[in-house]
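A.B. asks: Encoded as structure tokens, here's the structure I'll be asking about.
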Amino acid sequence: MEEQREALRKIIKTLAVKNEEIQSFIYSLKQMLLNVEANSAKVQEDLEAEFQSLFSLLEELKEGMLMKIKQDRASRTYELQNQLAACTRALESSEELLETANQTLQAMDSEDFPQAAKQIKDGVTMAPAFRLSLKAKVSDNMSHLMVDFAQERQMLQALKFLPVPSAPVIDLAESLVADNCVTLVWRMPDEDSKIDHYVLEYRRTNFEGPPRLKEDQPWMVIEGIRQTEYTLTGLKFDMKYMNFRVKACNKAVAGEFSEPVTLETPAFMFRLDASTSHQNLRVDDLSVEWDAMGGKVQDIKAREKDGKGRTASPINSPARGTPSPKRMPSGRGGRDRFTAESYTVLGDTLIDGGEHYWEVRYEPDSKAFGVGVAYRSLGRFEQLGKTAASWCLHVNNWLQVSFTAKHANKVKVLDAPVPDCLGVHCDFHQGLLSFYNARTKQVLHTFKTRFTQPLLPAFTVWCGSFQVTTGLQVPSAVRCLQKRGSATSSSNTSLT
């Protein structure tokens, strides 16, 4: 019966997953139908606009060329008409001289003949007919204004839709996730010299496998990529995976997106568990601030709840002006809250295997600050590093400045400048807990031990504040140092 029940549960789970996939696909099909209508209307509108632009351009060219013909015809007509008028006048003058010369020749016996002959000779010399060019000033040939649009007609006949770039193919073998950076590499299935740039889109997700259509996280867009690879830097991996897709663009149009891929982005994510914190610590997600009145405010509220001390605080009293620490639900319960001089707060995520890395930046003016790890069983009165259940690096700015590594109430003074940002690397299976200058990755100290219980990130602060950064991968520099064995030293054995 139990086996049948378990088999039925598996069937139900399989059906539920399949139903979700089908629903997602139905949503995709409906969205595609809407997109087909919208996109076809858009491209039809664009096509009509392009042809209208061509019609307008051809009409403008036609008007301009007709105007050129009309201007050339008017200019030639004007020149020929002027030349015709001049020739007509010259011909009339020449005919008059010819008639006069014939008449004078017939009157050779007249005593006026010599004088008349001389006048005719002088008239011929000055006659327009002998100064007139008998070559037309312009040609009647209009061949320079003829056109042959055969080539252009062929070009118009060759009009077609733009060639769309092929969808790129993302090369998972060459892509890399490391140091909170993602290098994505892709290639084109066919050589295309007209590609101008690429567009990369990515988003965070907690779901493995093909990207889902309905996601809470939006696609982030990077445009103008000229190469077939791109590196995203300075990422915070606060989700388990990232989706990626790429499309190619030429000068006019973008192609289809590549098949989306999902890359795993392993990193250690946790928040501070406010329910474990000392009452003098004001906890807000990943930051902590010392609150000297925190405990007193809680005591006042507790008495008011019990019906004791119902007298209201003065309007300007610290108790009224200081808010209580922010609380978060946790399995530890209120009874396990750190108290007395253990100004401690723990992370909310257990470390029970693998390698993990996080960083913490503390206020340099803090009188005391500590960072490390602890077993969940760390007592509520116990301070970090003073029991066998915790390991930490401790900075003390009160009275005398000190920078120490602490475990099981043993202390090692560190001979190194105190950085304002510390990196913590925990390799659970190897039993290594290393502290680094987060900026330079200089090793400050390494505990080498054997962890017998799951660990929690642990922090302590007195009269100060700090900010934790999670979602970080183990830096490559840290891995290299660990492989070379330079992260350990014989002097650390006394604190294991």
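The backbone N, Cα and C atoms fix where each Cβ goes, and this holds for glycine too.
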A.B. asks: Just to confirm what the record says: which one of Arg212, Arg320, Arg332, Arg337 has omega-N-methylarginine annotated in Swiss-Prot?
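C.D. replies: Annotation hit in Swiss-Prot: Arg320.
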A.B. asks: Across the domain 'COS' (105-162), what are the DSSP residue counts per state (helix, strand, coil)?
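C.D. replies: When I sort the residues of the domain 'COS' (105-162) into the three classes, I find 30 helix, 0 strand, 28 coil.
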A.B. asks: Sort the residues of the domain 'Fibronectin type-III' (164-268) into helix, strand and coil with DSSP and give the three counts.
C.D. replies: 0 helix, 46 strand, 59 coil
